[in-house]
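For reference, the structure discussed in these notes is given below.
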Amino acid sequence: MDRCKENCISGPKTAVPLSDGPKRVPVAQQFPSQNPVSVNSGQAQRVLCPTNSSQRVPSQAQKLVSIQKPVQTLKQKPPQAASAPRPVTRPPSNTQKSKQPQPPAPGNNPEKEVASKQKNEESKKRQWALEDFEIGRPLGKGKFGNVYLAREKQSKFILALKVLFKAQLEKAGVEHQLRREVEIQSHLRHPNILRLYGYFHDATRVYLILEYAPLGAVYRELQKLSKFDEQRTATYITELANALSYCHSKRVIHRDIKPENLLLGSAGELKIADFGWSVHAPSSRRTTLCGTLDYLPPEMIEGRMHDEKVDLWSLGVLCYEFLVGKPPFEADTYQETYRRISRVEFTFPDCVPEGARDLISRLLKHNPSQRPTLKEVLEHPWIIANSKPSSCQKKESTSKQS
């Protein structure tokens, strides 16, 4: 593990792409980027660290005490001593009123006090460093860094540590992607979404503490088997639709659903990873062009406004690829792929069953408003007949969405 740790600590020498898929947008997407904060100024790096604003609370209390003491030491006491009612009513009452709110405040809300202490303790615990982990074998390599199997020394918890190099992120100008991944993925809680436990950074690297998916990427499984059967495809589509439904309820659009960004947990359950291209859109409308070429919908290629329906299109492309072994609009050139997508030109081989053809055809509509909702996808007869998710996953999915 020491050798792997040295490799993790050493600076970037070569950038190796995570996958060799030919149909990618020129902008690199395998690893999201980091805040535009990093090497240029040391102060800006503090953006990635946990907030330290809670440390200022006691300083405010000290200011109240410092204001009260000079009031008590004013030379008004001798004249007030002669007149008994004045010193008794005003100065003591003011000091008592000012001193009393401080002790009772925490006493009146003990639960809030305990909760704030717990949050402070958690924030301190989340100030991770590389020395807190034992670094194991590499799990994957990408253009901006690597992913390693790791173990937290104190708890012995197994996780995945994604190491990204700041210099390469800044050179590519994709720092905003890392900010998206941290801001979005850290707040998502769903059994079919990969957890982001925390993050930290040093002078040259950014580290993401991620949930470990022991069965690897769906893309590798698809390469081994060439294609999936109906049951496995329908099960994956069900789990993916549940996860996307949760994301959309949080006003999060993923925009880059593809086999490389889907991992498998210990029980074989599907987990969405890599939220670098995702976006939390209060307006739910985006015009930027991003995502993997084969999965881009017509509205994004044509530069039109788009919403969460882009994920429905990707779901149809993914269902087709699972059953056939390749995307429906795959072509020899980018120009031909763009043309096929904009015209929605694709054909079904004989191996695709009729029920799956109906679902895919409904999802791959040029007009986004004509695509079914995720609820309608889950209620599709072919999905119901072939999907075999575990009862445990169903309970977790419904509890997370409620």
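We number each residue from 1, going along the chain as drawn.
Every residue, even glycine, has its Cβ placed from backbone N, Cα and C.
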Annotated range (Swiss-Prot: region 'Activation segment') out of 168-181, 280-293: 280-293
Recorded ATP site member, picked from Lys156, Lys162, Lys166, Lys227, that accompanies Lys143, Leu210, Glu211, Tyr212, Ala213, Glu260, Asn261, Asp274 in Swiss-Prot: Lys162
Span of Lys143, Lys162, Leu210, Glu211, Tyr212, Ala213, Glu260, Asn261, Asp274 around ATP - largest C-alpha separation, Å: 21
Fewest other C-beta atoms within 10 angstroms, as judged across Lys143, Lys258, which are the recorded positions: Lys143
Neighbouring recorded positions, C-alpha within 10 angstroms of Asp256 (active site, proton acceptor) - of Lys143, Tyr212, Ser342: none
Distance [Cα-Cα, Å, rounded] between Leu210 (ATP binding site) and Lys258 (SUMO2 cross-link): 19
